[in-house]
Amino acid sequence: MALFVVFQTTFFLTLLSLRTYQSEVLAERLPLTPVSLKVSTNSIHQSLHLQWTVHNLPYHQELKMVFQIQISRIETSNVVWVGNYSTPVKWNQVLHWSWESELPLECATHFVRIKSVIDDASFPEPNFWSNWSSWEEVSVQDYLGRGTLFVFPKDKLVEEGSNVTICYVSRNIQNNVSCYLEGKQIHGEQLDPHVTAFNLNSVPFIRNRGTNIYCEASQGNVSKGIEGIVLFVSKVLEEPKDFSCESQDFKTLHCTWDPGTDTALGWSKQPSQSYTLFESFSGEKKLCTHKNWCNWQITQDSQEMYNFTLIAENYLRKRSVNILFNLTHRVYLMNPFSVNFENVNATNAIMTWKVHSMRNNFTYLCQIELHGEGKMMQYDVSINVNGEYFLSELEPATEYMARVRCADASHFWKWTEWSGQNFTTLEAAPSEAPDVWRSVNSEPGNHTVTLFWKNFLPSRGIPLHPFDSSCNRQPVLIGRTFSATSTQASPDSCRAQGKDPLSKLHANGKILFYNVVVENLDKPSRSELRSIPAPANSTKLILDRCSYQICVTANNSVGASPASIIVISADPENKEVEEERIAGTEGGFSLSWKPQPGDVIGYVVDWCDHPQDVLQWKNVGPNTTSTVISTDAFRPGVRYDFRIYGLSTKRIACLLEKKTGYSQELAPSDNPHVLVDMLTSHSFTLSWKDYSTESQPGFIQGYHVYLKSKARQCHPRFQKAVLSDGSECCRYKIDNPEEKALIVDNLKPESFYEFFVTPFTSAGEGPNATFTKVTTPDEHSSMLIRILLPMVFCVLLIMIVCYLKSQWIKETCYPDIPDPYKSSILSLIKFKENPHLTIMNVSDCIPDAIEVVSKPEGTKIQLLGTRKSLTETELTKPNYLYLLPTEKNHSGPGPCICFENFTYNQAASDAGSCGHVPVPPKAPPSMLGLMTSPENVLKALEKNYMNSLGEVPAGETSLNYVSQLASPMSGDKDSLPTNPVEPPHCSEYKMQMAVPLRLALPPPTENSSLSSITLLDPGEHYR
């Protein structure tokens, strides 16, 4: 007890002494102000490096102190940064600290000062800050060297998205300085007359060779220099992704990762990021030489657990990722090898492969994939050394691809890569009968049957017909009763289906040919075999009016398939079935039909696919009376016709129903061509009889007739409508598509109307068209037309009759000139003793009278082409000249016979100048000058007497016809003589002559024997 009292007393005395000492220390303020402050610069990193010491630390012990640092820029009062730095301090220790400036140090003068405080638990509170040290000035501009313009910082390295401050220093304040970032001008803040700073926020990565920044100094338009820098912007270092390690042989760990973006920069400013692999359990570290993988050697100390850290690092940043794993759970096996197939037949094969050995008692899990005929089958198997698997239920004559991969069965990590091989099974006889259909065209005396075949799927149709022994009989040729022609599928005739003749699923090999056996059921002993080479899928048969059974089999190199049987009845298939309209949907056509009474083994629906026009069919079971026809071949706006057949127990097809429809109706593609008939003042008729409704992309439900008029009022039966262009008109709806005419009545005469006609379907109207214009006539013009039309018709009828009877009219009204040799006048001359009367020749004819018509000067006569003179002056009274015969026994004029001929002178024809010419008993002397001889007359006749087509100049004369047998008469046309001279008897018929009117007649001679010549004006003839 006494010892305890002594110990307690000692403890209290010690504690009291310690508290007394602390009170004395606190009473005395120690001078802990930092001293010997020095500031240096690092232009590369744009940082200030500070160093200082603290004296007078008590008892030479280590104390924890806090230093407050203050940094000013340009002026001491412009404080830009204040911060605390905490660190343990020993007596007389030199302390270091760095500060990185966002503004380049070359652009401004910096000032630094520092103070401190003890922050140690051994010293009780309160603690007091020391005094500030004196300002330490730092200026780099004094070391810039010569030059008037500088840009900072030089070759700075930053990350993409960082904020950067640049500046320029201009020693000549008279210069105007402009700065540009990649050619785009930037604007900054002036710090003093010589310095301007630019703040660049979120700088982008432009290129790995850096971003160009330059400044240009100028005075006016004169450049004083350009100075620039390169700012190196690095991509942000990413954390490695998908870091994983695994082993294939328990000797090496293979680690991989996704490095992400490469941060390397040009000019060796920054290399690609480096990767270091550190294992914490062993403490080992390895610098990886590849950027996305690294190998780690496994030691033999049976270490199973590994903790790896992958460190990615560049000049600006450091990233790391960590994984922890058990080695036995990270086994990635090597790929299997030596994949082979043994004992391959039509349906089975054995697959073998090998694997790389691992530890003892290692179990492999292997997976097999078998690909063939668009299917994939998968099998799993466990093995210890090498693998083997039996593949069954394969399809004959099919190429397969089998592959295998393996993994650790105990601790699954991942599969190996696939190792595989292809193989083909052997052929077998076709297992299914071909799906057969037919098209029958009945003609007088025979049937034309076209057979089609394709693959037959039991799940889709009628149960397969067993092979009939009747199809295996020895075929016998039956002459011309049966013939077959092999045809290919025709895409434009809808006569063959477009699929393979028999699918590979049931063909069991390459189909070489098809056997078609045709048996006459009326004569069972007769049949014929026809082999059709593949890949044909149709054939045409011409059969007589008997019933036939047709068997079709497919054959490959191994054998034949079961037979498909179809029977063609002797009765013609001409049953009339009414066609029903149906509506299709996006899913296809839904068809239904009435069940067939009696025993039915199934139904068949056939149709044509457009636009390929390929015949297709679908088999339906006997208990089904509806189906949906769906195919990608259906197109909008195309009409599809479906025929539904029932198959009897005798395998005879009977047409039950017909259906037609569109998968999607469209608006009509064109408008009808409209004719306007029966146009009157109050109505007209529109008709479009030739418009076909069958070729339209939808069922025509009717027509819309649009009508416009200036009155803008709709007529009865019409309703107002608005067209797509916003114009108003009147519309009449015709609901009957077969009604293709419309009478538009109640119209106004002399009015202007416009119309157009468009059909419509359930999808809409036809295309917009231009209006046709019609103007109604007035009422009077219509009456006039009703009068004129019959008159014009009658005139045309008369003209046609006249044209058809033109020869008869000509012979009746205008007979031809008679042939003198055939004249009947010869029979009148009875005084001629010679019974053989003939017409005299020209040389035998002595003219006895010529009539010459003399025209005064200035008279013009149109001789041909008209019947009267074009211009004539008043005709003077004709002069009559007489030429008396020179015969001594001449006693006066005698009787003559005149044949009129108007050919020579049109004027004479008009006047009827063929008659007796009056001749006075004695010719006056003035007329003797016109006497001439026959030679001169003949010469005159040779004078271009046919050239009378133009106008005859004044003074010329035209030709008149005067018969030699005419009897001259005395007097003129106004007063006929009372005692006419008797004409001499003309014993012979003399030649008719034509004399030009301008004939110059020489005076007569004694030997002249000419008859008298009388000159008259045209038209002055006497009869």
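In case you wondered, yes, glycine gets a Cβ from its N, Cα and C as well.
Residues or ranges marked as signal peptide by TrEMBL: 1-27.
Taken from TrEMBL, the feature domain 'Fibronectin type-III' covers 335-428 (among others).
The domain 'Fibronectin type-III' annotation in TrEMBL covers 571-666 (among others). Confidence in the domain 'Fibronectin type-III' (571-666), given as mean pLDDT, stands at 87.
According to TrEMBL, the feature domain 'Fibronectin type-III' maps to 668-779 (among others).
Look at TrEMBL and you will find 783-804 tagged as transmembrane segment. Beyond its flanks by at least six residues, the transmembrane segment (783-804) meets 777 of its own chain at Cβ-Cβ distances under 8 Å.
The region 'Disordered' annotation in TrEMBL covers 1002-1023.
DSSP assignment over the domain 'Fibronectin type-III' (335-428) gives 0 helix, 52 strand, 42 coil. Under DSSP, the residues of the domain 'Fibronectin type-III' (571-666) split into helix, strand and coil as follows: 0 helix, 53 strand, 43 coil. Per DSSP, the domain 'Fibronectin type-III' (668-779) is made up of 1 helix, 46 strand, 65 coil.
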